[in-house]
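Trainee: Handing you this structure, nothing more for now.
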């Protein structure tokens, strides 16, 4: 067995057990490892090869300059998932193309054929006259007249706008309601813009209008697929096992510093770092779930098939839950001690200041509750509340060192098994001797875990009995330190659960490792999940990059299961409205929901920026100045919530300027004052695209639009400059700097239009959405509390079965609110709640969720007689206490949803009221349990 690391000593600094603060690159740059560099190389090659098509004259003539699809959908993940993303992209293109063709047919049918022929004859005569006067070719003059709006007709324009805007409305709703359909919506709207802009201008039906975008998109997808297959291909099982490796590595950190947190405050680690570790574990765990669902759909090469990899899900979940509980135990203790001291110190300072001066002080919000809380904390202060005695800490660390070492060794061997199976499939395959050595190490680690469990349980029990058991004459051995007894018992329980579950995970991995019979090809076993994935909002795709935060406003499956069991236990269901009432309310909410308002804003900005392109006096100017760019910028700039919009707008402007500057550098370095050297430009593009692809892959999700805008502006500056010097035509934006400033101007116009539409009539506030989400979370916690009461003391196993899944699921949702809450700093909102206050509410929800999860687990594992005794001593089943708790939770829920202030007088602190109800021993027990 490995030796105990330095953190076992109580004299160790917490900085020794946590990862050392050595110099590290910023997160955006910290991707120089083999796994991520392979992904980067694959994406860069695909984008660079696609850009080379711009400098080949035949391909430039055929497919144009729109080689941007790889910036939207780079081949950065699994081959199968990349193809699904490309499929969603082409679904949007095909839907928009089909609807555009229908629209074009309907619009031209609205104009009588005689009118069309008369207008065409007039166009031909005018073109001939202007060609004779200027000496220009008749075809060029005809094209210019058409794009200047010579064939415009009000009937054609009205039908085109009505039908295209209807399609855009539904595409926008799809984008807002289902994040996986973002590419479908974006490309569908872009293709629709082509029909919206050109259908009223063209003299006759042209069904191939979108080919200028479809061809480069198809070529880009093909290049991405080829690079995904040729350069370091990865399957779903590959990505899932990588994520499991990362989780196991992260789980070592809470174990490494678990003993230090029991010592003096100077030795305790920073709570913020513990929270960061907690969030990292949750975020990494979330990557596994969508990958596990995709395992039966994908091809893979390796020793383990989909069934073997999926079999690790449950033991991995149990280990994560156990170690997170241990971590939250430490966070709760440290945070509780700090918060208690802060409240008492603040109260003492206010009292001292009040004695010195008689001036009237401004009344603090919630002063009544705070004063009662201070009185309760003062009443609970005793020698029991002091830190653990040093001799007990020394013995706890010594007793737990072998158990923690065994867990760390078991996790290390588990990670090595994952790594050997996952990373050595083709080259440097392990020899039979290496595999046998690792298997023997796993068996040794399992044996050590079993010995550590029995030894720790025995030694810890003896330690607690020795310090706290009554003496032979019946007197308490150490009456002053009963709080330490509670801490020691809880610590013992958490460590024992961690050992047991680490052993179960290692046993399952070791068995699968030993039974694997060599590398082989695994075929898909089920395709049923593919269709449901596309239409289910909550179904996600496995990814190796940072994922965008979920919308946690909807109840998850396990939470719904808990609510259903609660309804069954209550014996009634809510009364349904009449069908007519449901239809009216459903229609109203459908149009006024966040998705409906977002789609309506999309239609408004489309009409506002599309109208100038179909007015006779401005159509030519609109076409020459590339007004279509401004329209697309406004449409893609709209977002559902104001905080995201503000941050995205800043990112888009910065990205446009940065991408334009890089584009100018690339153009003038590669061509100087000439028409553009394809070889020089190709070499410069290789360097510039490497930087842009790095930005695209590793920017945080909140800055992703800015990264894509920078890449798109760079490509447009180079591509249009080369196109104008080699294939000049009417409407080209120019060369070099001219392209850049025109692009920047149109981006500003698009952003300005999007800002106006986003702000009126009322900005869509992310603060209100987060408040509603937290309100629903409080409601969910109320349901979990009611489920606990229905299970307690009734020999039901619903609580034990659902405890860890629903607790972990709610924790995931709360962790995913970290990003949106931080972004509230960039939002202009009239909400009463700011980023700081919502962060505190989220933290309190974390604490309640953890506590309810532990109690639900106890409802199925604690013997009935102890459940009854605990209920009697803590008023757990007292009707008055239950009513007061439910009332406070209900008022908090409504206050978050409506923004109304809470009543000044509430039945709080609830702990004090519970302790004064019924049994006279509750106050003493409450004093111990709060530590």
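Keep in mind that glycine also has a Cβ here, set from the backbone N, Cα and C atoms.
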Trainee: State the residue range annotated as transmembrane segment by TrEMBL; the candidates are 562-579, 580-597, 598-615, 616-633.
Mentor: 598-615
Trainee: Would you mind telling me which of 7-30, 79-102 TrEMBL tags as transmembrane segment?
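Mentor: Checking TrEMBL against the ranges 7-30, 79-102, the transmembrane segment one is 79-102.
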Trainee: Any idea which of 118-138, 181-201 is down as transmembrane segment in TrEMBL?
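Mentor: Comparing 118-138, 181-201 with TrEMBL, transmembrane segment matches 181-201.
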Trainee: Out of 531-549, 702-720, 721-739, let me know the one TrEMBL marks transmembrane segment.
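Mentor: Comparing 531-549, 702-720, 721-739 with TrEMBL, transmembrane segment matches 702-720.
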Trainee: May I ask you to indicate which of 503-523, 650-670, 776-796 is given in TrEMBL as transmembrane segment?
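Mentor: Comparing 503-523, 650-670, 776-796 with TrEMBL, transmembrane segment matches 650-670.
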Trainee: Look at every Cβ pair spanning the transmembrane segment (650-670) and the transmembrane segment (676-695), keep those 6 or more apart in sequence, and say whether at least 3 of them are under 8 Å.
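Mentor: Counting Cβ pairs under 8 Å, at least 3, so yes.
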Trainee: Please figure out which one of 45-72, 79-102, 156-174, 598-615 racks up the most CB pairs under 8 Å against the transmembrane segment (676-695).
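Mentor: Out of the listed stretches, 45-72 contacts the transmembrane segment (676-695) most.
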Trainee: Output the single range from 79-102, 156-174, 213-232, 702-720 maximising the number of Cβ pairs under 8 Å to the transmembrane segment (181-201).
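Mentor: Answer, by Cβ pair count: 79-102.
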Trainee: Are the transmembrane segment (598-615) and the transmembrane segment (702-720) close enough that 3 or more Cβ pairs fall under 8 Å, when only pairs 6 or more apart in sequence count?
Mentor: no
Trainee: So, do the transmembrane segment (598-615) and the transmembrane segment (213-232) meet, by the test of 3 or more Cβ pairs under 8 Å (sequence gap 6 or more)?
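Mentor: No, the stretches stay apart by this measure.
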Trainee: Between the transmembrane segment (79-102) and the stretches 45-72, 213-232, 740-760, work out which stretch tops the count of Cβ pairs under 8 Å.
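Mentor: The listed stretch sharing the most Cβ pairs with the transmembrane segment (79-102) is 213-232.
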Trainee: Give the nonlocal contacts of the transmembrane segment (156-174) in its own chain as ranges (CB under 8 Å, at least six residues past its ends).
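Mentor: Distal contacts: 92, 95-96, 99-100, 102-104, 106-108, 110-111, 181, 184-185, 188-189, 192, 195-196, 199-200, 595-596, 598-600, 602-603, 606-607, 610, 614, 635, 638.
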Trainee: In the same chain, which residue numbers or ranges, 6 or more beyond the ends of the transmembrane segment (213-232), come under 8 angstroms Cβ to Cβ?
Mentor: 38-39, 41-43, 45-46, 49-50, 53, 62-70, 73-75, 79, 82-83, 86, 89-90, 93, 97, 187, 190-191, 194
